[in-house]
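K.L.:
Sharing a structure with you now.
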Ligand SMILES: NC(=O)C1=CN([C@@H]2O[C@H](COP(=O)(O)OP(=O)(O)OC[C@H]3O[C@@H](n4cnc5c(N)ncnc54)[C@H](OP(=O)(O)O)[C@@H]3O)[C@@H](O)[C@H]2O)[C@@H](O)CC1
Ligand SMILES: [K+]
């Protein structure tokens, strides 16, 4: 499991390292050295390295990197930006040491000075790191635009200047790096869009800073790796289909069948013993053909009976509700019955959430372990928050909403966020645009229900791992096809790698 820290947590970690007795210049030396090492590893042309330095400690890292390069026999050119009065103590120290080295130092005060970048064969961006706290303007913004037009590798120190460490939002302008060398741990802004596009390849380097133990839980994000799948219980060799639990999928509607197919098949591929699909009678023939492994329980729109649904709910260990359910009268009756009577661990997706958004009187804290899997549009309707606001503050909004609602959120986006009430928050970095295709969410809902069947007491683990697996399926499918041509049903073929 990897950990990402936001800017405040990074500062806390830096301070704790210094309190432990590691002086700031030592940390900076390690940071700068690791940047130089990563650059040399890639065998970039170092005949004219240019370093852009801001006023804070990120600038200090840049100045130290320039000095290390000069010690190695290169001839760096250092461009200093901002008011010298504002230099941090570490920046001043690094400039002082640099002054006795064979490096060209240029103070940039006007646009024309930026021409000094023209001959760069490698550019090191040390304008701003985690201390950026407002939009870039003036010469800073000009410098960023200028650099983004250069044709040489750009290496960002800690984070591309202009990218918000916590949200990945571009603050006015941001350096487009080919490589970002970041220290201690990942920062959310390096993985969230659009920051991730500006960061390029991200390398995390240890420099002797530990992750603090007493961090505010919202400042620390978890990131699932393949090795974390080991938390899933081993499959019982002597088990029967009952051992591997029964999932009821309350999915599909008279006009929609595909969502019921994709979610049921995904649950089966994830290792569920039995799946029953509760759906409209219109779907009987296609579902019998597409998923012959699943049991079917069909209802008629004209003679819908609550008892049949209650019996099916009673049969199940886990319930998935919402994929392609529709938002009509019968769907509403189905959802009400589910909410009034369910006590089993459940996953609520798509139209179950759309119905809740339309009928807010149905919203209440569930007394069963519950995962909801909204995409950004569904989340926007459910929380009555604009899509723009969600895009910029997904982590904080989702974690707060999980606390308030008592359900585990799996908020699907280009980077999915999983949050449990008053607990951990996960940021998923697996996946690609192959997942942005119709039906992909139904596959995810099915995987989530399938994993919940394996760990019914741990909805957070089920949600975090399913987001990871779904992402990996997207990556693997795109390797065999292309991101553009992957269809949701293709994803089903890759679940087996993780089950
Ligand atoms: N501490 C340690 O031990 C270690 C720290 N390390 C390194 O330090 C970095 C963090 O350093 P930091 O905290 O000094 O912040 P940093 O990103 O340099 O920026 C602050 C400066 O920018 C300015 N400023 C901000 N926004 C601005 C804007 N829009 N436009 C214009 N100015 C703006 C702000 O000025 P002000 O806004 O106060 O006027 C201030 O002068 C971290 O990312 C890592 O690289 C590593 O060496 C490991 C050890
Ligand atoms: K930077």
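Keep in mind that glycine also has a Cβ here, set from the backbone N, Cα and C atoms.
Whatever TrEMBL says is automated annotation, not expert-curated.
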K.L.:
For the AMP site, TrEMBL lists 412, 413, 414, 415, 416; sort out which one of 439, 441, 446 goes with them.
P.N.:
441
K.L.:
The K(+) site in TrEMBL includes 58, 125. Which of 24, 161, 178 is also listed there?
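P.N.:
K(+) site check in TrEMBL: besides 58, 125, the record includes 161 out of 24, 161, 178.
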K.L.:
Excluding near sequence neighbours, so keeping only residues 6 or more apart in the same chain, what lies with its CB under 8 A of residue 130 ((6S)-NADPHX binding site)?
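P.N.:
Spatial neighbours, sequence-distant, of residue 130 ((6S)-NADPHX binding site): 7, 10, 11, 58, 158, 159, 165, 187.
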K.L.:
Look up residue 130 ((6S)-NADPHX binding site) in the DSSP assignment and report helix, strand or coil.
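P.N.:
In the DSSP reduction, residue 130 ((6S)-NADPHX binding site) maps to coil.
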K.L.:
Going by Cα-Cα distance, which of the binding-site residues (125, 412, 413, 415, 441) sits nearest to residue 60 ((6S)-NADPHX binding site)?
P.N.:
125
K.L.:
Nearest to residue 416 (AMP binding site) by Cα, among 57, 125, 133, 161, 375 (binding-site residues)?
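P.N.:
So, spelling it out, the nearest of the binding-site residues is 375.
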K.L.:
Cβ under 6 Å from an atom of ligand 1: which of these binding-site residues qualify? The list is 58, 133, 413.
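P.N.:
Listed by sequence, the hits are 58, 133.
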